[in-house]
């Protein structure tokens, strides 16, 4: 469980209670038309308490009016509390993040190599600083020298320290994190007010949360229903007068509050805020509530193989020469092509070569290193004497053919054998001569088969995109349990895959971390960028994963589904409540004048006065009872969409009809002794 959970404490509850009273301000409450109607009713009741005969002869005691006033006030406070409590969790996390960057100093490295202590707010991009064991990193940056473990729990909530070193995928550091061993020299990448921590605080705290389109649509529906019920109540008054039925204004106010959808009206904002907070608990920052909501509509999920389906670091496990006489040359060539390769794969090749080669391998090679690119799909080194490259089979075969070299007869069968095992083959060439294959082993992450099966039940199709050949991709896809795969997929190809799916009417989600992923992240309906990724990727995405774990996309989509289902379930419950309360209260009010109504009074409430008070009390208590569901969401794990729909209709639809009858009757049995 992540660090946000510690904010479920007494202090936060007290703050939420204070905010509940602050939100009584009509300027605040008018944003929620349903609860605003309740407040207007409460104020009218207060006027009746002070001036009982202002709307005509009063038939109700002042004590009864005060009771109605108090219950209406409590109803509004409960609704305000649910929203304030949900908001408080985000603000508490922002306070924690703010503490991580307070009162920081930095050890600035001068041009002459000397150190000078400065305030962290004085740092400029491009300056170099040194951070030692036990010190807090004062600004975002890139490691240029040193190796150390860093505690990032203040940012990510993950207690295990991570290793940071220059080069590779683990050279980025975040201001506010703690160095727990050794030392690092860091080049500053951000200035005061523009750091990642500052952006996180702005995202989490947010001056004002904008309503999502679905929320606006639902609010419009609920407001329309409220207006309809108001019209019903207004027309009920002359009808009652015609039937010589006395319905005091206070009773009509109470009846209005009971019949309008106050339950979902009081919880709707809390549901949306809590949905964003549940995403935050998984260490994912949502740039808007809309992003989380769209996750609930996702039906196609595009996943990278490396880092998402398999562990990010493929490991060199074997050298496979075209013939045994080539083994030694293959090991040396593989080593030379990887000596300046800072990727995890390159480092694993160097380690394996050192383990297998008897003689001492050169530590430094004077030559020009050619790094891997998505276009060439190869890397290597060119010296005065030789050129050595390793790369994807298709790229290497094409290169040798272009230079009129020979293709060994067994090279393709070696590659196919590696691919059939789910591994990645890299062909090694020296001076345009193929020496053999490096077997990079992919390991599929635990538990993915079950999670993909769960997504399938929820109606979500999974598509694996990989640069591997079709045989390797098919093997991995079958083992992992994904629905489809796209082999030999370049970053730019992902946009085509996304557009093709969107053209079919699908809502698409994907993950990415590189600059070349940015266009696809922007094109996808939901883009989840890694915190360790480039700035352009994070700007293009609408979700950022602080743990840089691409598998999180699965959890975020499930949370989005849960958000929509929670909103739907509680709306169903609220509307069913209104129907039940309508048939529970009206017969009790009108049976004295219309005897035929007695047959509809199935609850046998003791009197019209106790019926109104009981319904009002139930109306207030049900909001409190449903706050935990609004905060945690309804359960969706392991069920198909149809099964979830049936379950929700039985629990929240049928339950919404039955619970008011039982609840109001039980309360009436107690209230009748006091009214």
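Every residue, even glycine, has its Cβ placed from backbone N, Cα and C.
Among the candidates 354, 363, 390, the one that Swiss-Prot lists alongside 341, 345, 372, 373, 374, 375, 376, 377, 378, 379 as binding ATP is 390. Among the residue ranges 65-85, 86-106, the one that Swiss-Prot annotates as transmembrane segment is 65-85.
Per Swiss-Prot, the range carrying the annotation transmembrane segment out of 153-173, 174-194, 195-215, 216-236 is 216-236. Of the given residue ranges 539-559, 644-664, Swiss-Prot assigns the label transmembrane segment to 644-664. Annotation for residue 374 (ATP binding site): same-chain Cβ neighbours under 8 Å, separated by at least 6 residues, are 467, 490, 491, 516. A count of other CB atoms within 10 A of each Cβ picks out 517 as the most crowded of the recorded positions 304, 341, 513, 517. Tertiary neighbourhood of the transmembrane segment (65-85): same-chain residues 12-13, 15-17, 19-21, 23-24, 29, 32, 35, 38-39, 41-42, 45-46, 48-49, 52, 250, 253-254, 257, 262, 265-267, 269-270, 273, 612-613, 616-617, 619-620, 623-624, 627, 630-631, selected by CB-CB distance under 8 Å and a gap of 6+ residues from either end. Overall, the recorded ATP-binding residues 341, 345, 372, 373, 374, 375, 376, 377, 378, 379, 390 cover a maximum inter-Cα distance of 18 Å. The Cβ of residue 372 (ATP binding site) lies under 8 Å from the Cβ of 341, 343, 378, 379, 391, each of which sits 6+ residues away along the same chain. Recorded residues residue 513 (Mg(2+) binding site) and residue 376 (ATP binding site) have their alpha carbons 20 Å apart, per Cα-Cα distance.
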